[in-house]
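Pulled from Swiss-Prot:
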ACT_SITE  HIS12  active site, proton acceptor
ACT_SITE  HIS119  active site, proton donor
BINDING   LYS7, ARG10, LYS41, PRO42, VAL43, ASN44, THR45, LYS66, ARG85  substrate binding site
DISULFID  CYS26-CYS84  disulfide bond
DISULFID  CYS40-CYS95  disulfide bond
DISULFID  CYS58-CYS110  disulfide bond
DISULFID  CYS65-CYS72  disulfide bond
CARBOHYD  ASN62  N-linked glycosylation site
CARBOHYD  THR129  O-linked glycosylation site
CARBOHYD  SER133  O-linked glycosylation site
REGION    1-21  region 'Disordered'
Amino acid sequence: KESAAAKFRRQHMDSGSSSSGNSNYCNLMMKRRRMTHGRCKPVNTFVHESLDDVKAVCSQKNITCKNGQPNCYQSNSTMNITDCRETGGSKYPNCAYKTSQKQKYITVACEGNPYVPVHFDGAVLLPATPLPSLPPPHKRRLL
């Protein structure tokens with residue numbers, strides 16, 4: 001079975017390339033990376049940075065994930081990404097996508113040992129406020 005880390009790489013990593021000037025990028029990549037099997041995945045983001053740079057986000061700014069979990073991290077700098085969004089006329093099995101290239105801060109959820117990205121949580125133009133660093137539980141005083 002595909003691990004969560006491998007699935008993240010398949011769905012979100014496209015190092016060493018970019019979608020610039022290629023409006024067909026998402027149509028090709030969504031198919032190539034098996035996100036149009038059984039249904040059209042409505043929205044997906046590809047990151048055009050090195051895997052090491054994206055893995056490094058797991059030690060950057062700790063923020064809360066959209067689902068409320070505390071294991072999300074935002075990149076310290078913007079990254080070159082491509083947003084793929086299903087178009088209105090898209091109908092399975094003929095999935096159709098709009099390609100938009102952007103520079104944004106990315107947020108990923110990390111887990112495991114080694115601690116690696118397993119979920120792409122979003123991308124924003126402005127950096128978030130990090131969670132306060134709490135001392136380890138045994139050093140916390142009751143307020």
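In case you wondered, yes, glycine gets a Cβ from its N, Cα and C as well.
Here the candidates are the recorded positions CYS72, CYS95, HIS119, and by Cα distance the one nearest CYS58 (disulfide bond) turns out to be CYS72. Looking only at Cα atoms, VAL43 (substrate binding site) sits nearest to CYS84 among the recorded positions HIS12, CYS72, CYS84. For the substrate site, whose binding residues are given in the record as LYS7, ARG10, LYS41, PRO42, VAL43, ASN44, THR45, LYS66, ARG85, the maximum C-alpha distance rounds to 22 Å. DSSP labels the residues of the region 'Disordered' (1-21) in these numbers: 9 helix, 1 strand, 11 coil. Non-local contacts of THR129 (O-linked glycosylation site) by the CB criterion (under 8 A, 6+ apart in sequence, same chain) comprise ILE63. Listed in sequence order, ASN44, THR45, PHE46, VAL47, VAL54, PRO117, PHE120 are the same-chain residues six or more apart from HIS12 (active site, proton acceptor) with CB atoms under 8 A from its CB. DSSP assigns CYS95 (disulfide bond) to coil in the three-state reduction, placing it in neither a helix nor a strand. You'll find the Cα of CYS84 (disulfide bond) roughly 21 Å from the Cα of CYS65 (disulfide bond). Listed in sequence order, ASN62, ILE63, THR64, CYS65, LYS66, THR107, VAL108, ALA109, CYS110, ASP121 are the same-chain residues six or more apart from CYS72 (disulfide bond) with CB atoms under 8 A from its CB. Across the fold, the C-alpha of ARG85 (substrate binding site) and the C-alpha of HIS119 (active site, proton donor) stand 18 Å from each other. Ranking the recorded positions CYS26, CYS95, HIS119 by Cα distance from LYS41 (substrate binding site) puts CYS95 first.
Of all the recorded positions in the list LYS7, CYS26, HIS119, the shortest Cα-Cα distance to CYS95 (disulfide bond) is found for CYS26. Here the Cα atom of LYS7 (substrate binding site) is found 17 Å from that of CYS26 (disulfide bond).
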